[in-house]
């Protein structure tokens, strides 16, 4: 979204939060509204679609610290009549007539103000006024307006997140018009260079001792004119539609991680570059596996004899099973490490598999098993083994 539109919109009100809301409050408000207003949940309701777009625009600005700071500064600058309504008082008596076109007293439009800033490459008000008062009076061609960034969410199984997965992602957003391929012109025609400004998008004017540039009124600052607009997009080059894109989720993605898909965001007007799409990944917990960074964790139930006498366990991994040797006399709760069988790393290779052994006590014993265990207990006592020897809880 261009800066010029920020003056006219209250993004905080759009999301229903205060101007000092925390990032988490903004995120929660956006998620709730996006869920309620999503076109898939409101088929045949264009009003909900427009509201969904407005909420997405507000979140796009307020969720980015740099954009939010710039937005707040812009609102403060123009709040309370600082530049007053639709007319700009030059402070030079009536000499400028409100910066009118040709000195006829026409009102100054704030949209023109920001268009001028965009064309001169400036991002500050100081740069803007420097251009208006003749500091660097050459007009530059207007830059195409990049589309907004978009955000969406998806949910993955634990194994899908660990190994990576290719998946279709369905979203509803402004996209290049399929009828005119984003040009805005009716198929078979093309935009023409504006003859008034020769494609620069601005007109240079001199008024007394001052020179300044203003947007070309014929092409509205775009530098081109569409004589025959596309019937589908009405000349914007953009239509809101539902599309499906194939997304490759890289191996090792973590819960809450954002993935950037360049150029998959909202389409720019008249063939301008598209914004980016940010996908927040949510990972469902797994019944078997856990994760510690790039290490894969698993807890395996074992018997007392497997720990006391030693054994080999068949342990699940992301790719089949692996045999893990349990040394004789292994303690309950010990972690056994299997190198290279964990979660794939972005830099190559994989983390380790961490196997925790946990004794499973039989709830009931009878017959030969009970007799054998009782005989073992007697032999253990006679050997002098005391599991609580040296325990701090002894009194």
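From the backbone N, Cα and C atoms, a Cβ is placed for every residue, glycine too.
These come from Swiss-Prot:
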type: BINDING; residues: 177, 180, 230, 233; note: Zn(2+) 1 binding site
type: BINDING; residues: 194, 197, 216, 219; note: Zn(2+) 2 binding site
type: DOMAIN; residues: 10-75; note: domain 'J'
type: REPEAT; residues: 177-184; note: repeat 'CXXCXGXG motif'
type: REPEAT; residues: 194-201; note: repeat 'CXXCXGXG motif'
type: REPEAT; residues: 216-223; note: repeat 'CXXCXGXG motif'
type: REPEAT; residues: 230-237; note: repeat 'CXXCXGXG motif'
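What Swiss-Prot annotates, mapped onto the structure for a quick look.
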residue	record	Cβ neighbours (10 Å)
177	Zn(2+) 1 binding site	24
180	Zn(2+) 1 binding site	27
194	Zn(2+) 2 binding site	19
197	Zn(2+) 2 binding site	24
216	Zn(2+) 2 binding site	23
219	Zn(2+) 2 binding site	23
230	Zn(2+) 1 binding site	22
233	Zn(2+) 1 binding site	24
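A straight line from the CA of residue 177 (Zn(2+) 1 binding site) to the CA of residue 197 (Zn(2+) 2 binding site) spans 27 Å. Against the repeat 'CXXCXGXG motif' (230-237), stretch 177-184 shows more Cβ pairs under 8 Å than any other of 177-184, 194-201, 216-223. Across the range of the repeat 'CXXCXGXG motif' (194-201), the DSSP-based residue counts are 0 helix, 0 strand, 8 coil. Listed in chain order, the residues near the Zn(2+) 1 site other than 177, 180, 230, 233 are 178, 179, 181, 182, 183, 184, 185, 229, 231, 232, 234, 235, 236, 237, 238, 239, each with its Cβ within 8 Å of the site Cβ centroid. What surrounds the Zn(2+) 2 site, by Cβ distance within 8 Å of the Cβ centroid and not counting 194, 197, 216, 219, is the set 195, 196, 198, 199, 200, 201, 202, 203, 217, 218, 220, 221, 222, 223, 224, 225 from the same chain. For the repeat 'CXXCXGXG motif' (230-237), the model gives a mean pLDDT of 88.
The separation of residue 230 (Zn(2+) 1 binding site) from residue 194 (Zn(2+) 2 binding site), Cα to Cα, is 18 Å. The DSSP breakdown of the repeat 'CXXCXGXG motif' (177-184), given as helix, strand and coil counts, is 0 helix, 0 strand, 8 coil. Cα to Cα, residue 230 (Zn(2+) 1 binding site) and residue 216 (Zn(2+) 2 binding site) are separated by 22 Å. Here the domain 'J' (10-75) is broken down by DSSP into helix, strand and coil counts: 51 helix, 0 strand, 15 coil. Of the recorded residues, residue 216 (Zn(2+) 2 binding site) and residue 233 (Zn(2+) 1 binding site) place their C-alpha atoms 23 Å from one another. Cα-Cα distance from residue 233 (Zn(2+) 1 binding site) to residue 219 (Zn(2+) 2 binding site): 18 Å (rounded to the nearest whole number).
In the three-state DSSP scheme, residue 219 (Zn(2+) 2 binding site) falls into the coil class.
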